[in-house]
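K.L.:
Grabbed the feature section from TrEMBL, which reads as follows:
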type	residues	note
ACT_SITE	C119	active site, nucleophile
ACT_SITE	H191	active site, proton donor
DOMAIN	27-256	domain 'UCH catalytic'
SITE	Q113	site 'Transition state stabilizer'
SITE	D213	site 'Important for enzyme activity'
Amino acid sequence: MSTSIAMAVATSEALSFTGLPKQESNRWIPLESDPDIMNNWAQQLGLQTNIHSFQDVYGLDPELLALVPKPVKAILLLFPNVQSVEDARSADEAKRDAVNKDPIDANVIFIKQTISNACGTIALLHALANAPDVTIKPNSPLQQFITLCKGKSPEERAELLENTDLFATMHRAAAEAGRSVITPDLDTDLHFICFVQAKSQSDPTGKRLLELDGRRTAPVDYGPSTDILADVAKVAQEKYLNSTNSLQFSMTALAPT
């Protein structure tokens, strides 16, 4: 067993949480944290999964992180939406906003979440739209969506997602492919976010670790980053796992296949 904590992967409880008001006309089915489901979704939309794919991260200890193929391009984190975690997040983000002097890279595509239970799809889009050197088929739905997102505000990108029926259809198919029982009210208490590296605006050769969560007003900057997997593992341990006794966590890496 990992000395920190073993990550729960692909369990029947690995669903998403939005934290948004219930809107019965605009609610999606919660998505499971299952790389097979994610890869099927991504491949159908245009990702070359024979080159890069979503893969489980089984724990936060160095020997378990070493099992993940490198270089990692992006990371998805699923965590329980409990008050202690939210309090820790808010306190940490307020502290970072007060001391952070590096502007967010304008090329980062950040999407606001306006659809309840859509955090799984939004986290996947955040990963694929911002991951460097990931091969996406030209003129595929995924490539077209990413191109349309460029130059738009987070709210405009949210509206674009709402008005693209294909993503709602693909999300539903992916959610229904999971092993969880779908409750009539679609309620769940977990949430997906994404971590990526972005170019530093103050250091031409450096990168910054960004957390992308559609419930937030903007990306959260964690400062300089040289190893995205190790850096996210540290954030996950300190900011999320240490804030609750819940074991409902999972981490998924977008990495070489």
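Glycine residues also receive a Cβ, built from the backbone N, Cα and C atoms like all the rest.
Please treat TrEMBL annotations as automatic predictions, because they have not gone through curation.
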K.L.:
Given the recorded positions Q113, C119, D213, find the one whose Cα is closest in space to the Cα of H191 (active site, proton donor).
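P.N.:
For H191 (active site, proton donor), the closest Cα among Q113, C119, D213 is found at C119.
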K.L.:
Pick out which of the recorded positions Q113, C119 has the most other Cβ atoms within 10 Å of its own Cβ.
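P.N.:
Its Cβ has the most other Cβ atoms within 10 Å: C119.
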K.L.:
Can you grab the distance from D213 (site 'Important for enzyme activity') over to Q113 (site 'Transition state stabilizer')? Cα atoms, rounded to a whole Å.
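P.N.:
For D213 (site 'Important for enzyme activity') versus Q113 (site 'Transition state stabilizer'), the Cα atoms are 8 Å apart.
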K.L.:
At the Cα level, what's the spacing in Å between Q113 (site 'Transition state stabilizer') and C119 (active site, nucleophile), rounded?
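P.N.:
Rounded to the nearest whole number, the Cα-Cα distance is 7 Å.
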K.L.:
Using a 10 Å radius around its CB, how many other CB atoms surround H191 (active site, proton donor)?
P.N.:
26
K.L.:
On the 0 to 100 scale, where does the mean pLDDT of the domain 'UCH catalytic' (27-256) fall?
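P.N.:
When the pLDDT values over the domain 'UCH catalytic' (27-256) are averaged, the result is 87.
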K.L.:
Count the Cβ atoms, other than its own, that fall within 10 Å of the Cβ of D213 (site 'Important for enzyme activity'), considering every protein chain shown.
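P.N.:
The answer is 25.
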